[in-house]
Amino acid sequence: GGEIALWSLVVLAVERYVVVCKPMSNFRFGENHAIMGVAFSWIMAMACAAPPLFGWSRYIPEGMQCSCGIDYYTLKPEINNESFVIYMFVVHFMIPLMVIFFCYGNLVCTVKEAAAQQQESATTQKAEKEVTRMVIIMVIAFLICWVPYASVAFYIFTNQG
């Protein structure tokens, strides 16, 4: 569930970036694009969930022993935890973070440029404020949801033994 949500936020950011910052004359998002976005989200979630099932790291019971999570604790060469944790941190945290910052940063800049060119238009100014507000909320929500988990996992991984 969490990885689907993560990659859905990335897809949403990229779609908004393409629509606002790179408007192509006759390009419109359609059903196929939505299907590709959903498929991409699921493929990336599987790229997170499947490797431990095939021997790259492993799952262990967490907390109250009623759910499983990635084994950040065990440093055994045969489990390959180190490389998997690095992969998870880079591919499933840092890359989405950079893509979201890039897309929404450019989106805000593009909207601000348009608003600066049409200062007399109240609707453009209102749209700029709404887009900026939406971007701030999306980025803060992403950070609130993922930074604590990534930070704790990174801390556990780097402070073993």
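Here the Cβ of each residue, glycine as well, is placed from N, Cα and C on the backbone.
When Cβ atoms from all protein chains are considered, those within 10 Å of E82 (Zn(2+) binding site) total 15, not counting its own. E82 (Zn(2+) binding site) falls within a helix when secondary structure is assigned with DSSP. Marked as Zn(2+) binding site by TrEMBL: E82, Q160.
Taken from TrEMBL, the feature domain 'G-protein coupled receptors family 1 profile' covers 1-161.
Marked as transmembrane segment by TrEMBL: 34-54 (among others). Tertiary neighbourhood of the transmembrane segment (34-54): same-chain residues 3-4, 6-8, 10-12, 15, 70-71, 84, 87-88, 91-92, selected by CB-CB distance under 8 Å and a gap of 6+ residues from either end.
The transmembrane segment annotation in TrEMBL covers 84-104 (among others).
Listed by sequence, the residues of this chain that lie at least six past the ends of the transmembrane segment (135-157) yet keep a Cβ under 8 A from its Cβ atoms are 2, 5-6, 9, 12-13, 70, 72-73, 82, 85, 88-89, 93, 96-97, 100-101, 104, 107-108. Taken from TrEMBL, the feature transmembrane segment covers 135-157 (among others).
Only residues 6 or more beyond the boundaries of the transmembrane segment (84-104), in the same chain, are considered here, and those with a CB under 8 A from a CB of the stretch are 3, 6-7, 9-10, 13-14, 16-17, 21, 44, 47-48, 51-52, 56-57, 70, 72, 135, 138-139, 142, 146, 150, 153-154, 157.
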